[in-house]
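Below is one structure, written out as structure tokens; the observations come after it.
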Amino acid sequence: MAQRVAVPDGANKKTSRVRVAVRLRPYMDNPDDKDEGPCVRGLDSQNLEIINWRNATETVKYHFDAFHGEQTTQQEVFVSSVKPILPHILNGQNASVFAYGPTGAGKTHTMMGSSDQPGVIPRAVSEVFKLVKAEDEGWDYSIGMSYLEIYNEKVLDLLSPSSQDLPIREDKDKNILIPGLTLSTISSFSDFDKHFVPASLNRTTASTKLNQRSSRSHAVLLIKVVRTQRALPHRQQTGKLYLIDLAGSEDNRRTGNQGIRLKESGAINLSLFTLSKVVDSLNSGTAVRVPYRDSKLTRLLQDSLGGSAHSVMITNIAPEYKYYFDTFNALNFASKSKLVVNKPFTCETVAVLPVKRAKEDHKAGGSGTEPLKKRHKDDRKTEQDGSSPSAHFHSPSEPSVMDRLVALEKLMMNCQDKDKLSMLSVAQSRKEIQELKEKQREFENKAMQFSRLAGEKSSAKQEPAFTNNSAPLQRKPSTATNAKKQQAVVQPLQVFQPLQQLAVVKKQSVCIKKGKKISDQVEPPDGKENSWESQLDTSVLEHSRQKILHVLNTGSLKELKGLQQIGDKKAKLILGWRELHGHFLNLEDVVKVEGMTGKRFSSFMKANILSAMGK
């Protein structure tokens, strides 16, 4: 059984500010660009200035923990900015180093370097092995490494390329961990090199207009150092070193990204924007929520920014004018990041079983004579057998350790007693509340009984003040169901005009049947049904047909809608047919128009001829 105990570190401060270093890469001449010179320059080892884009005659000055100019070597960057935080790892604390800046500013060169100029990552790992060898005896060390990349918001294991997207979790102690991530044990720098070089080739890179080998993902190298005390109480301390090479922010108008590259740059810019929001939230001091979970990158950097790590940010910038706004934004982000405060602490694992045994022996020694005699006999047996525990308990360095363990056990027991007392008090208060509720229910039942008795007595003595002797209202049966309903009779409009004005009839006059329109039916007076055209004068009929044909061939939309049974839709269809096929040669050609059947044509002709004669 083990318990995690916080150990105060007197040599270190309780809080640690994020250290920010700025590195300016050398100026690179490009024959295609105008020779405008650098837009930024260093003033000393901590200050630099950049031209103000609002006014070219002014400059904006910045102050950082360190400034590395164009002539600064890889060794100088490592010694001044990275090396001071590495000893914290061996004390059970976390440390983080990450490179930030626009694409093409030299972040990967700073972190990875080359064979003749190694960068921060190989130098830091080599320094960790040197520190382990220089440590005092009495501790066993175990060093492991993990290597991953965040590509399009997916966490991929570079040591195991066949793995899928890995989740990011947080344990009960608020430590960030990745289940399923490969952890390879290394015992020397050569072992590290065997794992790291092939894994680096698995990282996603591509070529853009601004960088021939642009990183398309954020790479994170984790070095885990676990040291265990050989003697009792077997303390175990775990320190982690995060070495992070961030992908650079990109302006797609200048990089020319398309397709997959455009999607990659979108994911990169979004994660870096979330990183900026995290820094702003930490600096505001009033933010209710820090958006760590909005991005996989900020989730992994939770310890580095506002967490429990000693953090160093190396901001890489470019001096050319085409990188001006990228450089300006990077410097502004760096100046905000140096205000972020972390709270590093040391945590260790301590074995608890030896503490309980020591406490039992301590109690037995002061309880009576018999346990004391048994203990003396056991001590004599162990001394005769030459065993080490007796000598171990009487060693000069052990009493201080035993005192600490006993004090720790007492503290734990006191905490448990307090918890028991609090639980007893809570149980007692709940019992009292339950008793009060039962009493309240009894009083309520008695009050209800009294109210019922009082109500019965008052109803027996008093008579109602108002009595209703009238019969209840009832709906009268409807008598309309038997009687036949009277129906309204609507008489049609009578036409009193002379029939000769409506039509000229041969030999007979035209009668209008009651209840029918003129356009519906025409009957002779003798009751014989003939064709309505035969009852009209031939000249009048032909004149009406020519008039209708003239309107169909030359009439506008309004004039077509003036015809009987021609609406807006059919008038437009007639105009469309006329534009395609020309004039109608005769009225029967109207049937060729869409929706005009023979029956409709007959009704159309009848209505329009009679209407024309009525006018």
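Backbone N, Cα and C define each Cβ position, glycine as well.
Here is what TrEMBL says about this protein:
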DOMAIN    17-340  domain 'Kinesin motor'
BINDING   Gly101, Pro102, Thr103, Gly104, Ala105, Gly106, Lys107, Thr108  ATP binding site
REGION    358-399  region 'Disordered'
COILED    426-453  coiled coil
REGION    454-480  region 'Disordered'
COMPBIAS  465-480  compositional bias 'Polar residues'
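Cβ neighbours within 10 Å of Thr108 (ATP binding site), excluding its own Cβ and spanning all shown chains: 23. Summary: among the binding-site residues (Gly101, Pro102, Gly104, Gly106), the fewest other C-beta atoms within 10 A of the C-beta are counted at Gly106. The average pLDDT the prediction assigns to the domain 'Kinesin motor' (17-340) is 88. All protein chains included, Ala105 (ATP binding site) registers 27 other Cβ atoms within 10 Å of its own Cβ. By neighbour count, meaning other C-beta atoms within 10 Å, the densest spot among the binding-site residues Thr103, Lys107 is Lys107.
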